[in-house]
Amino acid sequence: MAAKEVKFGNDARAKMLRGVNVLADAVKVTLGPKGRNVVLDKSFGAPTITKDGVSVAREIELEDKFENMGTQMVKEVASKANDAAGDGTTTATVLAQSIITEGLKAVAAGMNPMDLKRGIDKAVIAAVEELRKLSVPCSDSKAIAQVGTISANSDLTVGKLIAEAMGKVGKEGVITVEEGTGLQDELDVVEGMQFDRGYLSPYFINKPESGAVELENPFILLADKKISNIRELLPILEAVAKAGKSLLIIAEDVEGEALATLIVNTMRGIVKVAAVKAPGFGDRRKAMLQDIATLTGGTVISEEIGLELEKTILDDLGQAKRVVINKDTTIIIDGIGNEINIKGRIAQIHQQIEEATSDYVKEKLQERVAKLADGVAVIKVGAATEVELKEKKGRVEDALHATRAAVEEGVVAGGGVALIRVAGKISNLTGDNEDQNVGIKVALRAMESPLRQIVINAGEEASVIANNVKACEGSYGYNAYTEEYGDMISMGILDPTKVTRSALQYAASVAGLMITTECMITDLPKGETPDLNNSGGMGGGMGGGMGGMGGMM
């Protein structure tokens, strides 16, 4: 086992605080409408320019292992805030730095660290309750656009684009951000359910000019098996032909004799058919087939539940207003599924999202919800250079997360004003003893730090403006962008309640742990040996010996 280096008490805490300050000082320059960019070196390609707090935090590693422990713990604050709300990472870091700095001063002055932590926790619980009372719902597109604009560093076009996307696909809809090819931002909306599977044969194409298959009011056969024998399909093909409609077959695969016969029938005009593979693999494929069945009012024909293709009747088939199939994608528009069944299916998937532990699984489940809800919107970000494109894409993604959070829990006055008001409302809060009261004061002082940092980044005097804002009430605050005071909500400066709440809770959680740290242990750097208590004696002995030798001469 490798030798360890151990530090105790104030020595350990001082090292840890240095690490916290390095990371927080790098992150907090990005806060607010006049926050600066941070340039991140990459081992290959051009450097990345960003204003995203968590992206800056992830890049920081310090050589000193004790300082690096402090850095890593604050990095956790930014990361957790990002995971919970998708934004507010810089605010969380600023709050954590303030709580840690003031808390460690109190510990050095002889306060009990555990009581300090209890005081901080008590203040945060009360603050979160007050935040919820201040929160107002965010449902109209104007408020959504304002939240998006603020989060995208006061970029009005981004805010409007996100509001438009949400208006078209609904609050449950999937909105993705991609790198565009032009200079302008674009919004591309796909209505209905789309999945990444195209036609199994180009002979199904009935729109040569677009290279697509288009079926109007088709029946939809869903089969959880490979179909290679045409005899299994004959009864249902005859029934569809008699009904005078077209047919879309979605199965694990359609091959051999079955596929050949479908192509011949289509080319001769006997019955208009198209076949595609079912999306996904394994259990996910079964789930997605069931989603399509719910959307189209059909039944998945599966031998697992005793259903056979040969005995399929028209009532087992789903229906949709229109289906468009390209080489790589299939879109089902306006399925006739029962609205109550669709909502039930969405609720079931939401339950799975809550239970999922993997981000990848959550993302895939969220996509399924969107496909059942209102469709998919793609925001294509445009810029002049690749470096600008990457920076802008990051801002748009942050803005998108912020608007989702705003729709979920509502909004409060932005620019750090909400936390100032909350601190004012709980200023009379007391703990069980004097040390807890100090902990409460530490938390209340920290709640001013986001406003102060926004003002500092705008080049103004933080104390003067903070005192002016504290002297007022409601959503009155300071607009650092226009350098004027006013009603933040009227000026469209809004923060999602969830973002502010998450930032405060995660900052207090990690800061509380750091304040109560008494000992730090890390591996000793290679090539070094720990200081031994008798090393000074050895040096003295050698010196004495040398002196004696000189005397002899």
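The backbone N, Cα and C atoms fix where each Cβ goes, and this holds for glycine too.
The ATP binding site feature in Swiss-Prot is assigned to T30, L31, G32, P33, K51, D87, G88, T89, T90, T91, G415, D495. Reduced to three states, the DSSP call for T90 (ATP binding site) is helix. Under a cutoff of 8 A between CB atoms, and with a sequence separation of 6+ in the same chain, the neighbours of T90 (ATP binding site) are V27, K28, T30, L31, G35, G53, A78.
A simple way to gauge crowding: the CB of G415 (ATP binding site) has 26 other CB atoms within 10 angstroms, across all the protein chains here. Within the set T30, L31, G32, P33, K51, D87, G88, T89, T90, T91, G415, D495 that the record links to ATP, no two Cα atoms are more than 17 Å apart, and one pair reaches that distance.
In sequence order, T30, G35, R36, N37, V38, N153, E391, G394, R395 make up the list of same-chain residues 6 or more apart from K51 (ATP binding site) whose Cβ falls under 8 Å from its Cβ.
Listed binding-site residues: G32, G88. The one with the lowest count of other Cβ atoms within 10 Å of its Cβ is G32.
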